Every structure is written in C-alpha cells, then in structure tokens.
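Here the structure comes first, spelled out in structure tokens, and everything after it is commentary.
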Amino acid sequence: MANVVVVGAQWGDEGKGKIVDWLSERADVIARFQGGHNAGHTLVIDGKVYKLSLLPSGIVRPGKLSVIGNGVVLDPWHLVGEIAKLRGEGVEITPDNLMIAENAVLILPLHGELDRARESHNAVAKIGTTGRGIGPAYEDKVGRRAIRVADLADEATLALRVDRLMVHHDALRRGLGIEPIDREALLAQLREIAPQVLPYAKPVWKVMNEMRKAGKRILFEGAQGALLDIDFGTYPFVTSSNVIAGQAATGTGIGPGAIGFVLGIVKAYTTRVGEGPFPAELKDADGERLGERGREFGTVTGRKRRCGWFDAVLVRQTCATSGVSGIALTKLDVLDGFETLKICVGYDLDGERLDHLPIAADQQARCTPIYEELEGWSESTAGARSWADLPGAAVKYVRRIEELIQCPVALLSTSPERDDTILVTDPFED
C-alpha cells in the first residue's frame, strides 16, 4: 500500500490544501513534517471554509490521526489558539486524533522578536520573512540550545534550557538594541502553556512506524514549496527548513522506504510571495490579471503574490530534487480567456542559454526567461471533471507541460471545490 508525500513544486501557494484534503479522506494518518505556522492552507469542505496554518489538513475530518512531526517548529500559543478556533467551528480535537512529536522544537516569543528586529535592520537586503520566529527557532535547533516539547514536562530541565538560551539570545538582542529576555516571565509563560500542549505529546517516530507496519495509509503533508527549500531553493530568499520530499522521512522519524508516491503540487502559472528572484514574473496587465483572477493573496500574511507565466525549468528542477512521481496541476481555470499563453522553457544568462536555474543568487537575478507561446482558449474550464470537458487548447497546454517538466499529470484541479478534479493516477494505489 503506497504512502504519499505531498510537496509544493514551486514557491508555495500552489493549492496543496484542496489536494491534501482530497487525499486525506482515504488516508488513516496525515502528518506534517517541516515548517511552522508561517504557511497557511485553505480548505473548502461542503461549502465551509477552514483556514489552517499549523495543524494538518486531516484535523477537520473525523476518524483521522493528525500528526505534527519533529521536523516542524511549534509555536505552542498559536497551536492552542488554532485548536480553540477550530473547536469553535465544530471540529473535535483531542489527544486521540492529534499527536505532536515530543522532540519538536518550540517557537518562543523571543524568536518572533528577533525575526522582526533583524528584518527591520536589514532594510537593504530583506529576506521577506513572515516575522513569526520560524528561522530563529530552527537556528536554535541546529545550535543545540532549543527548548523542545518534552522539556515542558520537567521544570528543572526547562529552567536550564532557558538559561542556556539566554546566553545566546541576550547577546544578539544587545546588538540589535532589544531589551534583555525576562527570564521569569518566559518561564511563567511556558509553565502556563505546558498543560495545554503536553497531552498531545507522543513518540511520533514509534507510532508512525507502528502505523506503517499495520498497513495504515499515511499522507505526508508538506508546507510551502520546494523553491523555498533551504538547500535547493533561491537562497537566501528561502525558508529555514528542507521542504523537498526527502524531509518527510527525517521530519517524522519514519524511514525513506515508507514513501511510495511523491505528488508535486503545481499551479498552471507561477506565483511568489516576498523577495527573491522570479525569472518569469510579469509586471504588466497579464500579471495583474493572473493575480486578480487567481485571488493571489497570502492565507497567513495577506500579502499580494507576484505572478508570472508557468516556468517549466523550475518545475522540472523541483520534480527532480523531490523525486516527484506525478503532479497535481491546479488553477487551470485562471488561464481561461487568455488569447496567448507563454511557458518559460529556458533562461538567458549573459548570452548563454540555460536549462536550469543556477545556484548563485547574482546569476539567478540576471536570468531572463525564454518563452514558448501556445494558443489560449476562450471557453471555461472551471468545474471540469473529465478531459472531455476541457477545450482542446487547454489539453494541449497540459500535455506540453508534461513534456517540458518530464513528469506526468496525476491530478488536474479546475476549481477550489474538492470534487472538481480530473483523476489520472491515484497516488494511493499500490
């Protein structure tokens, strides 16, 4: 029985929420394996809209186990708030259907303060962070000074962890002109939140492996997109974690052999939030039209997304680094009505044609797109549920994308509604 990893194959915001919800109906376990509460996802179920940023998408479905793995950095106050919000919307959340890795790292208020202070001091070279403390929390994890979920259970250990953290952070805060950490206030905050978090804490690696051996279907839910990966993204304009599919194993404690199918989520055009290179970006009327029709505003930040034509070079690259088995192509309906469509098929860098995005940031910034033009269509694709419902030009567009990215389409999404999906390959089938 195949276990499935879902990853964004662009810069995030590809429409993962709908696809994950569609798959989660048949999964037994839905696990998040990286990131924090910086990347939101929107679910539309029976006309009701749910906006999540930390909890796995499966939490809104009864009878599913939702898991927050050790690869996630966890803001405990945001967690408690998101749980309360969903409970207010009629969603049942208990330790029976939500599990948090004991070794997941906590995001503390000091992480957000540091994140925002750095961004304000770097006026010339902003990264485009959400300011929620994700990056600083990962820094503490790698620096071996982080506070983890399990530390909340022992007050003596917690105090030692806070003292170790303060040595590092107070030095940083002095340099940035921030007041020193109030040790007692931080400890009081952690003592207060601990009993609201600890009931969900479990040895996730152990439970996940038991589930696998029992033949349960596991869905690994990625956040953000592979082009924001700390190693393979447009560094330094990236997130602070690995986003590619291999992180699903590391971020939950299950072996890579457990992964059967990697589904890359790909928008039929390209968007990006925040700073960083974007070779196929459109700063004209076509770009505005894509943004308006696609409602391209961030779920968490509300920031307007930059829009551009489909970049086959980048998606081919992310399909390779994540070992994508098939893609889910979303938002095809946004392209309805364009007379001519363009696909980026290569880059020009100082007169040389490239078939990949170079790793150096200065070279990325100098890349200009090489386009191939395709005929558009005037008919509507919204709500199509079979290939026969699509205009011929739309089918040609999809087929050309498959050829250029060297990866087949497994699913085609034609609206935010979960049933408006054309299934080609079921990722859960053996």
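Numbering starts at 1 and runs along the chain as displayed.
Just so you know, glycine gets a Cβ as well, placed from its N, Cα and C.
Cβ neighbours within 10 Å of D13 (active site, proton acceptor), excluding its own Cβ and spanning all shown chains: 27. Annotation source Swiss-Prot lists active site, proton acceptor at D13.
Here Swiss-Prot flags H41 as active site, proton donor, drawing on sequence analysis. Taking all protein chains in view, 24 other C-beta atoms sit within 10 angstroms of the C-beta of H41 (active site, proton donor).
For R305 (substrate binding site), the number of other Cβ atoms no farther than 10 Å from its own Cβ, over all displayed protein chains, is 19. Per Swiss-Prot, GTP binding site is recorded for 12-18, 40-42, R305, 331-333, 413-415.
In this structure, G40 (Mg(2+) binding site) belongs to neither helix nor strand by DSSP; it is coil. According to Swiss-Prot, the feature Mg(2+) binding site maps to D13, G40.
Here Swiss-Prot flags D13, E14, G15, K16, N38, A39, G40, H41, T130, R144, Q224, T239, R303 as IMP binding site.
For G302 (substrate binding site), applying a Cβ distance below 8 Å and a minimum sequence separation of six or more within one chain yields no residues. According to Swiss-Prot, the feature substrate binding site maps to T299, V300, T301, G302, R303, K304, R305, an assignment based on sequence analysis.
T42 (GTP binding site) sits 10 Å from D13 (active site, proton acceptor), taking the Cα positions as reference. The two recorded residues K18 (GTP binding site) and H41 (active site, proton donor) have their Cα atoms spaced 8 Å from each other. Among the recorded positions D13, G15, N38, H41, the ones whose Cα sits within 10 Å of the Cα of R305 (substrate binding site) are D13. Secondary structure at T130 (IMP binding site), taken from DSSP and collapsed to helix, strand or coil, is coil. By a simple count of nearby Cβ atoms, those within 10 Å, the most crowded of the binding-site residues K18, R303, K304 is K18.
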